[in-house]
Amino acid sequence: MSKNELKKAAAMEAIQFVKNVNIVGVGTGSTVNYFIDALAEIKHQIEGAVASSVATENRLKEHRIPVVDLNSVSNVDVYVDGADEFNKHFYLTKGGGGALTREKIIAAAAKRFICIVDESKQVDVLGQFPLPIEVIPMARSFVAREIVKLKGDPVYRQGFTTDNGNVILDIHNLTILNPVELEAILNNIPGVIANGLFAQQPADDLLIGTPAGVQLHHRK
């Protein structure tokens, strides 16, 4: 099976967890796009979807799936999103698509966070994929210097602006031995809006697409 077929299999499996719930949080990315396409088939069974990006909102609307604002709902029943990396502790690296801040907000608001991935995203130690951080534009150079102090190599994602009007620094060559600690350190740098580590609040469930089928892992 191709990587795209594995992504699609994981996304399709996630549909069973959102049937007959009120509000579904929807992430951003190529794997999530398969989920949105499948969600369209059961859109009559949900009240609405909270989108983590403009791109996701547009795709939901193309399928005539009702989109609701997070401020207008009291609960998000399930949040479904992909990841750029994951490890055995359910810690994730996310934000390759630049939507990390809104993704993190909806994941925190949701009762359950289901991460859909293909097996190629599994790593022993996070950091092989560059870690994105969303930064207020005026703080970009300052934050970059602080990242260098942490032994990372920050690269400005030129020509990209987040849906929140900010910029992205991608941190390369950073071996993340303690994701929970590093997430807090990065968040405490003035000018950082959010970073792509989902360790303080990891995924609740992993749906992993493999050639042998989709594996479900639940965090204990």
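Every residue gets a Cβ built from N, Cα and C, even glycine.
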Candidate sharing the substrate site with T28, G29, S30, T31, D81, G82, A83, D84, K94, G95, G96, G97 (per Swiss-Prot), from K61, K111, K121: K121
Assigned element (helix, strand, coil) containing D81 (substrate binding site), judged by DSSP: strand
Non-site residues, in chain order, whose CB comes within 8 A of the mean position of the CB atoms of T28, G29, S30, T31, D81, G82, A83, D84, K94, G95, G96, G97, K121 at substrate: G27, V32
Residue with minimal Cβ packing [other Cβ atoms within 10 Å] among the binding-site residues K94, K121: K121
Sparsest Cβ surroundings (other CB atoms within 10 Å) among the binding-site residues T28, S30: S30
